[in-house]
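S.K.: According to TrEMBL, the protein carries these features:
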- 1-454: domain 'Major facilitator superfamily (MFS) profile' (DOMAIN)
- 66-84: transmembrane segment (TRANSMEM)
- 96-116: transmembrane segment (TRANSMEM)
- 128-148: transmembrane segment (TRANSMEM)
- 160-182: transmembrane segment (TRANSMEM)
- 229-255: transmembrane segment (TRANSMEM)
- 284-306: transmembrane segment (TRANSMEM)
- 312-332: transmembrane segment (TRANSMEM)
- 344-364: transmembrane segment (TRANSMEM)
- 376-399: transmembrane segment (TRANSMEM)
- 417-454: region 'Disordered' (REGION)
- 430-454: compositional bias 'Basic and acidic residues' (COMPBIAS)
Amino acid sequence: MTYVCISYCMKYIDQQAHSNAYVSGMKEDLAFKGNEYNWVGTCFSIGYTIGTIPSQFLTAKFRPSVIIPMFEIIWSVLIMVNAAAKNVKLIFAMRFLIGLFESIAYPGFVSVLASWYTPKELAKRVAFLQASSAAGSMFSGYLQAGIYKSLDGRYGLAGWKWLFIIDGIISLPIAITGFFVIPDHPSTSRTFWLKPHHLEQAVERMDEIGRAPKGKLTWQKVVAIFKEYPVWIILLCYPPCIVAGQAISYFNLYLKSKPMGHVFSVYQINLIPTGGQALQIARLSMIVITAGIGMLGHILLSVWDIGFSGQFAGYMLIYCAVGAGALCLTWFSEICSADAEVRTIIIGLANGIGYAWIAGFPFLMYPASQAPHYRYGYKIGAGFYAITITGCTVLAILVKRYGTPYQNVPKSVVKDVDQGSEGEVGGNSQDKEKELDFERTEAVARLSHENERN
């Protein structure tokens, strides 16, 4: 858990670097024009989208303790290459490749955590994971602010170039540590810091809650995913959620535009957004509430003529809602607990399609020519959060009522149901079996409801 949080925090420092660099001199040094800033984010999203599904196949086929750190080393080196940029084309290329290799991180981390923790434990751990991403975004602003103040011009390098170099240097040892500390899955772990009895206990814990161990990934499993209703609702409600949260990426542009007579220095432009990053911690039970808060933030910004304080509050509310996406993925992983490979693919698919949306929607929602007041972006963002709220509500109702084919009945529940039927004598055996199946289905529905509450 410690490694995952530190690594994910560093991933967000890397991911935010281009945004902080842009308002710290990179825009002027590389002569950005028109919507080229949007293209920087789009190139990352295209690479992320392309890499998501293949990377999750690799995670399912090989050990996460090998494949995740390997990818992390590659993207750490690519981060440093940004410092050599002479024009925007190299930035575009690097952002694409960084997105390609970073695509393994979030769904890979969630998949590993879901193999070790119970539903209630997992919700808390993913909340910590999301908090670490917020910390990463905070530290990126602090880091760039400090670098710009102390290293700008040192050895002939601009402050924004130093940011990329230092980010990469910090990321490399963290990536190497992953080879030794990522525990893989309970049934396949070879890590040195877990004893055999710890692994046995972990396997028993997952068996008790019906969480399937790692198995073989086949194309039949992949095809079967799309024959059931949960995946379609998941793919409907998750991508809009993370696209709506992208509004926070444009907060520093808002500050740089000197709204309402307020003037901010480069140091302040990097520092102020970090306050919003501290507001992102939330729990699974608050999916609807956090999305609702984000929708309110978008509504405030849609109105716009509410003064600087009102606009600032709108961005802060959207910051508060960023955790909704992580909470959704945690819940989805519980709905898909019956098969570790199916769980990995669905989480990766949802994340990948979400970034596919991010690759295209910013051009419609947040064109650079309209900054900082985007004519349609905030209205669309409010609608996207409404879709997330509706989709998650519908999914909760269906899972509670019908259960899901992706979820096992916990071993203890199956035992109780089976023992309850042992004392019954006589009657049609087929009817007894149907009744038993019905009771097990009801147990799955109850479990889903409990997971949702946790």
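Each position is counted from 1, following the chain as shown.
Placed from the backbone N, Cα and C atoms, the Cβ positions cover glycine too.
Predicted, not measured: the structure shown is a model, and the values here were computed from it.
Have a look at these and tell me how they're positioned relative to everything else.
M.R.: Beyond the ends of the transmembrane segment (160-182), by six or more residues, the same chain brings 2-3, 6-7, 10, 13-14, 17, 20-22, 24-26, 29, 64-66, 68-69, 72-73, 75-77, 79-83, 112, 143-144, 147-148, 151-152, 154, 191-193 to within a C-beta distance below 8 angstroms of the stretch.
Counting residues 6+ beyond its ends, the transmembrane segment (376-399) has Cβ neighbours under 8 Å at 229-230, 233-234, 236-238, 240-241, 243-244, 247, 287-288, 291-292, 294-295, 298-299, 301-302, 304, 314, 318, 321, 324, 328, 331, 335, 361, 364-366, 370, 445, 448-449, 452 in the same chain.
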S.K.: Is the transmembrane segment (312-332) in contact with the transmembrane segment (128-148), using three or more Cβ pairs under 8 angstroms as the rule and ignoring pairs under 6 apart in sequence?
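M.R.: Since 3 or more Cβ pairs under 8 Å link them, the transmembrane segment (128-148) and the transmembrane segment (312-332) do come into contact.
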S.K.: Can at least 3 Cβ pairs under 8 A be found between the transmembrane segment (344-364) and the transmembrane segment (66-84), with each pair 6 or more apart in sequence?
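M.R.: Stretch pair does not touch.
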S.K.: Please report, as numbers and ranges, the same-chain residues at least 6 past the borders of the transmembrane segment (96-116) whose CB is under 8 Å from any CB of it.
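M.R.: Non-local partners: 1, 4, 7-8, 11, 14-15, 43-52, 55-56, 58-59, 64, 67-68, 71-72, 74-75, 78-79, 122, 125-126, 129, 182-186, 202, 206, 211, 213-214, 329-330, 333-334, 337, 340, 343-344, 347-348, 351-352, 355.
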S.K.: In the predicted model, what is the mean pLDDT computed over the domain 'Major facilitator superfamily (MFS) profile' (1-454)?
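M.R.: PLDDT averaged over the stretch: 77.
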